[in-house]
Amino acid sequence: MSSTGAGENRGELPRRLRALARRGWKVLRVNWHLGVTAFGGPPVHFKIFNEKFVQKSKWVDEQVFQEIFSISQSLSGPASTKMLYCINLLHGGFMAALFSFLLWSLPGAIGMFGLSIGVSSIDENLPRIVYALLSGLNSATVGVIALAAVELSQKAITDPLTRIIVFVTAAAGMLYNALWYFPVLMLVSGVATLVNDYRWIHRPLGALVGKVKRKRATHPEAGPQNSATTTRNSHELGPSQPGPSSELPVSEDEANKNERPSGSTAENEPRIVPQELRFNMSWKTGTVIIVTFFLSFIVAMVLRSVLPDPGPPILYRLFSNMYLAGTIIFGGGPVVIPLLREYVVAEGWVSARDFLIGLALIQAFPGPNFNIAVFLGSLTAINAGHSSVAGALIAWVAIFSPGLILVHGTMGLWSAARNRRWVKSVLRGINAGAVGLIYTAVYRIFMVGYIDQGFQAGRSLGDDPWWVVITATSYVGGRYFKLNAPSAIVLGGLMGLIRYGVVNA
């Protein structure tokens with residue numbers, strides 16, 4: 001018995017290794033190119049993921065995709081990275097998700113690291129032709145993101161309310177900018193669709209309107225004109241069409257029907273999730289993961305505050321700043337990039353010029369925009385006399401970890417709640433709010449996309465019509481001529497060089 005059991009154990013290990021190898025090969029075969037071909041930032045990445053995982057490989061269906069999109073947008077950290085992680089987590093488990101993240105992030109991270117070494121050794125002012133190239137890349141990226149926002153809107157807008165939410169969140173995001181602001185906008189969007197779908201306001205409001213009309217109809221000072229109007233409306237309604245003032249009894253079935261979500265916006269039956277699209281983790285495990293993360297966050301922040309003068313080493317401060325950014329910044333790459341300025345430039349670790357160069361470069365790079373942390377971490381370490389590799393690695397781990405840990409834990413909670421009607425209703429509003437914030441990202445990059453000598457914070461692309469033309473060319477090319485994002489961005493860089501040649505001829 002003992003030898004038989006030992007033989008079975010020896011045979012079990014190779015089987016597990018072969019199964020792991022098969023899963024790894026499948027993840028590699030599907031994901032390998034995304035880290036080097038997915039240009040344009042999160043809005044474009046979502047479109048690419050939909051085509052890849054919903055339409056072609058069919059790893060998830062459209063509804064699961066929209067659910068994961070909402071979860072990714074409603075949590076802090078890199079939105080498109082979290083979405084790719086979750087799709088692979090559902091399909092192949094934790095190791096598949098981790099492997100897909102490395103395939104996704106490492107190519108761009110290595111490229112940004114190499115560029116940080118080059119930027120650290122250049123003179124204070126770059127040649128004007130380089131600034132023209134970078135501004136052209138930024139201009140084209142704005143057009144690519146604008147197109148992605150329009151296409152995502154077509155999926156997120158399902159009724160007049162979601163159309164209003166997209167507009168309001170886009171406008172609100174342009175008018176104000178703060179760390180707490182974007183998650184609040186998405187939360188309000190989810191509450192709005194929940195209240196609408198369950199008609200929590202409709203009946204009280206209808207009762208109030210009916211009461212006002214009855215009061216006006218019976219008021220002694222209503223006057224002849226109002227009485228005539230009331231009489232005319234009564235005849236128009238007829239005996240079989242009671243108006244708001246009617247006090248006809250309502251059946252119990254009818255009353256219960258009014259309490260349910262409206263049929264046009266939320267299904268009356270719970271969502272039935274196919275077995276292959278269920279995540280095998282309990283909500284208790286998910287809760288433990290989330291609580292453990294927040295404990296680590298508190299420890300990291302407290303250590304930074306209590307360490308005696310001269311304070312913690314700069315590499316630890318770099319870690320804590322990036323950990324903080326990855327934890328509290330919502331909205332993905334287009335939002336985190338401007339806000340990261342406060343975490344590195346305001347600290348005096350990286351110059352404003354180098355930050356703007358990194359901003360332009362990351363727009364033209366494939367993969368997650370959060371890879372700019374590698375560029376900034378490397379420069380921080382170099383300027384402080386430390387290893388560039390250490391600075392880049394610390395920043396990379398610190399900024400990506402919060403979002404991935406939180407979304408992993410949240411997937412456990414989601415697996416327990418996803419078949420509830422109210423969850424679907426809330427996610428519909430969060431979807432619309434997140435798409436609205438993509439238009440905000442378009443605006444913010446547009447306002448800092450023009451870089452040149454002497455610009456400390458970038459300038460609006462609208463300061464020169466040529467950059468607006470590049471943005472429009474990128475948008476029209478993708479919308480009507482099937483120009484893909486990498487080609488559009490390269491074309492933008494070439495048009496920037498053409499402008500330099502014409503102006504300096």
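Positions of Cβ are set from backbone N, Cα and C atoms, glycine also.
Because TrEMBL annotations are produced automatically, they should be read as predictions rather than curated entries.
Per TrEMBL, the features are:
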{"type": "REGION", "residues": "216-271", "note": "region 'Disordered'"}
{"type": "TRANSMEM", "residues": "92-117", "note": "transmembrane segment"}
{"type": "TRANSMEM", "residues": "129-149", "note": "transmembrane segment"}
{"type": "TRANSMEM", "residues": "161-178", "note": "transmembrane segment"}
{"type": "TRANSMEM", "residues": "285-303", "note": "transmembrane segment"}
{"type": "TRANSMEM", "residues": "323-344", "note": "transmembrane segment"}
{"type": "TRANSMEM", "residues": "356-382", "note": "transmembrane segment"}
{"type": "TRANSMEM", "residues": "394-417", "note": "transmembrane segment"}
{"type": "TRANSMEM", "residues": "429-451", "note": "transmembrane segment"}
{"type": "TRANSMEM", "residues": "483-502", "note": "transmembrane segment"}
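Counting C-beta pairs under 8 angstroms (sequence separation of 6 or more), the transmembrane segment (92-117) reaches the transmembrane segment (394-417) with 3 or more such pairs. Within the chain, the transmembrane segment (161-178) has long-range Cβ neighbours (under 8 A, six or more residues past its boundaries) at 153, 185-186, 189, 192-193, 196, 265, 338, 428-429, 431-440, 443-444. Of the ranges 129-149, 394-417, 429-451, the one with the most Cβ pairs under 8 Å to the transmembrane segment (356-382) is 394-417. If you count C-beta pairs under 8 angstroms between the transmembrane segment (429-451) and each of 129-149, 285-303, 394-417, 483-502, the highest count goes to 129-149. Most Cβ pairs within less than 8 Å of the transmembrane segment (394-417), among stretches 129-149, 285-303, 483-502, belong to 285-303. Long-range contacts of the transmembrane segment (483-502) within the same chain, counting only residues at least 6 positions beyond its ends with a Cβ under 8 Å from a Cβ of the stretch, are 37-40, 44, 128-129, 132-141, 143-144, 363-364, 366, 464, 466, 469-470, 473-474, 477.
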